[in-house]
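Enquirer: Pulled these features from Swiss-Prot for this protein:
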DOMAIN    17-148  domain 'VOC 1'
DOMAIN    179-339  domain 'VOC 2'
BINDING   His182, His267, Glu350  Fe cation binding site
Amino acid sequence: MTTFDKGAKPDIGTFVAFDHVRFVVGNAKQAAYWYCANFGFEPFAYKGLETGSRITAQHAIRQDKIVFIFESALLPDNSELGNHLVQHGDGVKDVCFEVEDLDSIIAHAKAAGATIVHDITEESDADGSIRYATLRTYGETDHTLLERKNYRGAFLPGFKAHPMPATFFKTLPRVGLNFLDHCVGNQPDLQMDSAVQWYEKVLKFHRFWSVDDSMIHTEYSALRSIVVTNFEETIKMPINEPATSDKKAISQIQEYVDYYGGSGVQHIALNTSDIITAIEALRARGCEFLSIPSSYYDNLKERLAASSMVVKEDMDRLQKLHILVDFDENGYLLQIFSKPCQDRPTLFLEIIQRQNHEGFGAGNFKALFESIELEQTKRGNLFYDNVKDGNTK
């Protein structure tokens, strides 16, 4: 595991934080409801036929500082969203960052050769105005850069209060997720470095953390990962790629690439200050998470006993809930991973709690990979010999 110095502050505008994540899905209304019922969000903003939007419907849901938007086409001839859906299935299209001084950021991005999907645009309503531009990053994933200092509304121009009452969702156990911790992008083999260089060159992000396949591997598969972040280190974007296996096994990263149809967002990590309460609530709501064997916790207890680190959470409850623990001399983190959120084995969510620990669970990667490999085996996707032309032998 390697960490990096962030260097001098870039001479362009500021990347403030994650603003929201936009998904392209087959049915935005149903997807929004599913995430609300399962993961503790509540509907809060809407754009569709009733608000004057004739092309797409967008349902925005929120939990504390986390905002997801689900977008679907309204008309059958919408080839942009239609083609995206056929190629990738339900998935993340846009990871939006709030920024300050949009002009300088976009001027630099253009000079660096970035693909500009939408140049700087201003939109307004009775609550003020926003300015934004959209860049293409890896695959067909975009980053919208949003300047909202002159906007006083609840979300964005054109959105109205969501018509779906939150009464039912308020009867379910409260989850308590607080903010978006990091957003992970998977790349085909040997494309991680070019994706990382895009963030360094176009957005002036810096490398924060990395691991390679000598550290992260199982008997069957491995990965390499580099985390990039803005100068303030409020936006963290891990970039993964698979490592080749001599056992003809399919890495979980490669499985994602195969089923998503290329590079894309693999998972979104949501931060909580009380992961035990959060996971108990999520399981009560029906969320499914990866299972971790008891041997992992036996080994964890031995490693903790040989260290000076004290985990204040009850280990028996962590084990019962299948929550993973990683630690170093400074602190620890607790994390758990959902099963895929759609039929394709692509996007999933991570729930994470940090106690003075800024890593990404490198000590848990082996246990996580082995758990995912069990799921791949159930899907018939662990070995190339079992898969041919999309069909399981």
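Each position is counted from 1, following the chain as shown.
Each Cβ is built from the backbone N, Cα and C atoms, and glycine gets one as well.
Bear in mind that the values here come from a model prediction, so they are computed numbers and not experimental data.
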Enquirer: Have a look around His182 (Fe cation binding site) and count the other CB atoms within 10 A of its CB, chains all included.
Expert: 20
Enquirer: Starting from the Cβ centroid of His182, His267, Glu350, which together make up the recorded Fe cation site, report each further residue of the same chain whose Cβ lies within 8 Å of that point, ordered by sequence.
Expert: Asp181, Cys183, Val184, Pro238, Gln266, Ile268, Ala269, Leu270, Phe337, Leu349, Ile352
Enquirer: Provide the number of Cβ atoms within 10 Å of the Cβ of Glu350 (Fe cation binding site), excluding the reference atom itself.
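Expert: Glu350 (Fe cation binding site) is surrounded by 23 other Cβ atoms within 10 Å.
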Enquirer: Inside 10 Å of the Cβ of His267 (Fe cation binding site), count up the other Cβ atoms and send me the figure.
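Expert: Looking across every protein chain shown, the total is 23.
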Enquirer: Suppose you look only at the domain 'VOC 1' (17-148); what would the mean pLDDT be?
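Expert: Over the domain 'VOC 1' (17-148), the predicted model scores a mean pLDDT of 98.
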